[in-house]
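Participant: The structure's right below; bear with me while I get my questions together.
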Protein chains: 2
Amino acid sequence: MKNVIVGQSGGPTAVINASLYGVIREALKSEEVGHVYGMINGIEGFLQDKYMDLGEELSEGELELLKLTPAAYLGSCRYKLPEDLSAVFYQTIFEKLNDLNIGYFFYIGGNDSMDTVSKLSRCAQENGSDIRFIGIPKTIDNDLILTDHTPGYGSAAKYVASTVREIVLDASVYQQKAVTIVELMGRHAGWLTAASALARKFPGDNPMLIYLPESNFELADFAKDLEKALEKRNSVIVCVSEGISDASGTFICEYGDEAMVDNFGHKMLTGCGKVLENFVRRQLGIKVRSVELNVSQRCSGIGSSLTDIEEASRAGSEGVKVALAGETGVMVAFKRTGDDPYQMECAIEDVNKICNQEKPVPAEWIVNGNDVSEEFLTYARPLIQGEPVRPMKDGLPEYLHRR
Amino acid sequence: MKNVIVGQSGGPTAVINASLYGVIREALKSEEVGHVYGMINGIEGFLQDKYMDLGEELSEGELELLKLTPAAYLGSCRYKLPEDLSAVFYQTIFEKLNDLNIGYFFYIGGNDSMDTVSKLSRCAQENGSDIRFIGIPKTIDNDLILTDHTPGYGSAAKYVASTVREIVLDASVYQQKAVTIVELMGRHAGWLTAASALARKFPGDNPMLIYLPESNFELADFAKDLEKALEKRNSVIVCVSEGISDASGTFICEYGDEAMVDNFGHKMLTGCGKVLENFVRRQLGIKVRSVELNVSQRCSGIGSSLTDIEEASRAGSEGVKVALAGETGVMVAFKRTGDDPYQMECAIEDVNKICNQEKPVPAEWIVNGNDVSEEFLTYARPLIQGEPVRPMKDGLPEYLHRR
């Protein structure tokens with residue numbers, strides 16, 4: 001009998017805890033599994049011997065609440081493992097795993113987390129360790145390859161679509177011509193910004209203009225698009241990805257402010273909405289405001305998708321199943337087997353092929369550089385369906401927090 | 001038999017349409033009322049002969065959907081009526097009202113809208129018109145005097161509390177010391193920012209620091225507060241009103257005017273959240289980000305309060321009742337008659353006493369200039385209770401929009 005350890009890594013999502021729930025539930029069911037440990041703050045915290053016994057410490061009620069709690073219950077980290085698999089780091093980690101009698105290691109995360117799973121599984125192979133390493137996908141960005149979509153995207157997309165629909169109503173109350181720029185998350189991939197198209201209530205409705213980082217963004221074209229849109233409607237809502245850039249590769253947000261770099265070398269982008277707001281005010285002389293939806297896109301539980309929650313949980317339990325069946329160095333993936341009605345099956349893919357890759361919105365789903373196609377809507381719509389029954393207390397959603 | 005006309009004015013809220021619903025329902029019930037007209041874009045649109053027949057044009061199903069639709073179905077305006085009651089403006093308005101055989105005029109709005117009701121009712125009195133003018137309160141700012149609270153505040157407060165609770169979870173996932181600054185609406189009154197205290201799940205929980213415009217804000221004190229908070233907790237969430245100012249009366253958001261210039265040399269207009277973010281990064285060297293909750297505070301239907309929706313509707317129907325009973329120049333007000341259990345009754349107040357006044361958060365409810373008291377929480381908690389059953393379509397809330 002071996003023990004399980006599970007960790008969460010990278011940015012929070014509305015459903016990363018549903019995947020944790022799936023891992024715990026499935027692992028506790030198995031007679032081959034003893035304890036189910038959780039790393040506190042991912043691999044970084046585990047290096048500092050921070051972990052908890054999830055099977056022992058969580059009550060039945062807390063476990064159910066965990067499934068509906070956004071963010072990352074175990075805490076997270078952004079920790080890049082050494083490239084050199086003979087580094088002392090790996091020796092330390094494997095000693096700690098062996099001390100806890102770990103047989104199965106699950107890491108819930110995005111690109112960078114799959115890089116962690118890849119390195120650990122390759123290191124195990126080289127050193128004859130039989131610990132199995134499994135990746136459970138998670139990212140609101142929906143940019144992992146070899147999977148139809150990722151857990152976390154559906155809820156973020158639903159939050160974006162419903163919030164943009166409300167902003168459209170809010171922006172339409174006055175008679176005066178006005179532009180509202182909504183800045184959405186997405187450094188390289190426009191999946192989340194594309195989801196704003198779901199907000200439309202009828203053909204031609206706002207958001208009238210949608211710009212993804214997959215297309216070059218030029219201020220002159222933007223001005224022309226905007227003038228054309230303002231001929232049709234007094235209130236124009238524009239949705240832009242934070243990561244839009246021009247043909248020279250310069251980010252629009254860099255037009256206005258400095259860019260910072262996180263410890264993975266990623267640029268921390270904020271502010272293209274503000275840059276465009278300024279541009280419209282000064283160059284076009286139209287009433288304008290910008291709205292940055294910010295972190296609520298990834299952590300809002302109020303408007304999360306039941307489909308996403310259930311799929312995230314299923315990805316977690318599927319990970320345990322394939323680990324018990326002998327797999328290692330793989331990520332759980334989603335295969336769409338039907339669109340009407342929507343059907344999805346789990347599969348596994350080689351994690352080494354996935355890490356450090358990015359899946360953009362296909363060029364054929366982008367229309368005129370300022371909209372998305374019906375094909376995208378058909379793809380995205382099933383992912384935002386259904387609402388969980390959320391426990392409320394004193395008028396607010398009740399969430400599980402680590403004591 | 002006379003006709004009713006109703007308009008919406010000022011900024012949208014999640015429940016201003018529930019008040020419109022209340023007016024329509026109550027008016028359609030009465031045998032003394034013929035048509036129920038709605039001004040499109042308030043008094044400004046009515047001057048341009050923009051109105052609709054709400055009783056004729058809205059189906060039963062649409063009327064029920066209206067009750068749960070945020071923003072302002074009829075459109076809104078920000079239009080200040082002339083001070084001189086003999087201005088030709090008033091002659092025009094009264095001619096238009098008489099042409100439509102209006103006997104009852106309802107205006108749903110905040111301070112400025114009550115100014116409109118005040119002027120029109122005084123003008124009617126001076127000119128012997130028997131049209132009755134009634135104000136229905138509405139504002140997320142909760143700053144109208146002579147009423148316990150205003151429709152719109154409960155839903156906005158609930159949105160702020162639940163969103164801040166989620167941001168607190170999101171901000172707590174990493175081990176590193178970090179500050180998150182959440183900027184909330186409220187230029188002069190801190191009611192909405194105070195509601196962020198409802199987000200706490202246990203004593204000492206985040207948001208640890210709350211700053212209202214009612215207290216002077218000094219950067220030096222803020223730095224001290226922050227350092228003290230960071231000794232207790234790695235992740236500190238700070239909630240600030242957009243309108244905080246220092247002892248000299250300078251708004252904190254104005255501190256940034258010179259700092260933020262884009263590459264066109266133009267000033268970037270930013271909120272106090274960005275100014276404080278920059279201050280913390282440069283002066284304290286701590287990881288920091290700022291989040292501006294923006295217009296969703298006033299237009300989010302996802303997390304609205306059922307108590308607020310029902311009270312807003314009741315304010316509308318109460319307005320019709322008192323108009324039919326002969327009142328004019330009054331605003332419907334709320335009187336709290338019990339705290340445990342919460343009980344509320346409608347009353348009327350002289351609109352002339354209300355307009356152009358502002359109700360701040362009482363000084364005794366503000367603690368140390370950086371928190372709010374238990375008395376505030378007892379006051380605010382009943383207003384955020386209950387969730388409406390919201391019709392969903394294709395995974396998103398269905399809202400009524402004017403065709």
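Numbers run from 1 along the shown chain.
Cβ coordinates come from backbone N, Cα and C, glycine included.
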Participant: Taking B:E64, B:E83, B:E242, B:E254 as the options, which does TrEMBL list with B:T139, B:I140, B:D141, B:M185, B:G186, B:R187 at the substrate site?
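Facilitator: That substrate site, as TrEMBL gives it, pairs B:T139, B:I140, B:D141, B:M185, B:G186, B:R187 with B:E242.
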Participant: If you count CB neighbours within 10 Å, which one among the recorded positions B:D112, B:E242 has the smallest count?
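Facilitator: Minimum Cβ neighbour count within 10 Å, taken over the recorded positions B:D112, B:E242, occurs at B:D112.
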Participant: Sorry to bug you, but what's the C-alpha spacing from B:G11 (diphosphate binding site) to B:E242 (substrate binding site), rounded to the closest Å?
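Facilitator: It is 16 Å, counting Cα to Cα.
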Participant: Relative to the mean position of the Cβ atoms of B:T139, B:I140, B:D141, B:M185, B:G186, B:R187, B:E242, the recorded substrate site, which additional same-chain residues have Cβ within 8 Å?
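Facilitator: For the substrate site the neighbour list reads B:D143, B:L184, B:H188, B:A189, B:W191, B:L192, B:S241, B:G243, B:Q297.
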Participant: Other than its own, how many Cβ atoms are within 10 Å of the Cβ belonging to B:G186 (substrate binding site)?
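Facilitator: Other Cβ atoms within 10 Å of B:G186 (substrate binding site): 28.
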Participant: Among B:T139, B:I140, B:D141, B:M185, B:G186, B:R187, B:E242, recorded substrate binders, what is the largest CA to CA distance in Å?
Facilitator: 16
Participant: Who sits close to B:N111 (Mg(2+) binding site): which same-chain residues at least 6 apart have their Cβ under 8 Å from its Cβ?
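Facilitator: Set apart from B:N111 (Mg(2+) binding site) by at least 6 residues yet with Cβ under 8 Å, we have B:G10, B:T139, B:D143, B:L144, B:I354, B:C355, B:N356, B:Q357, B:E358.
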Participant: Distance check, please: Cα of B:R187 (substrate binding site) against Cα of B:G11 (diphosphate binding site), rounded to an integer number of angstrom.
Facilitator: 13
Participant: If we check Cα distances from B:K138 (site 'Important for catalytic activity'), which of the binding-site residues B:G11, B:M185, B:G186 wins as closest?
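Facilitator: Answer for the nearest of the binding-site residues: B:G11.
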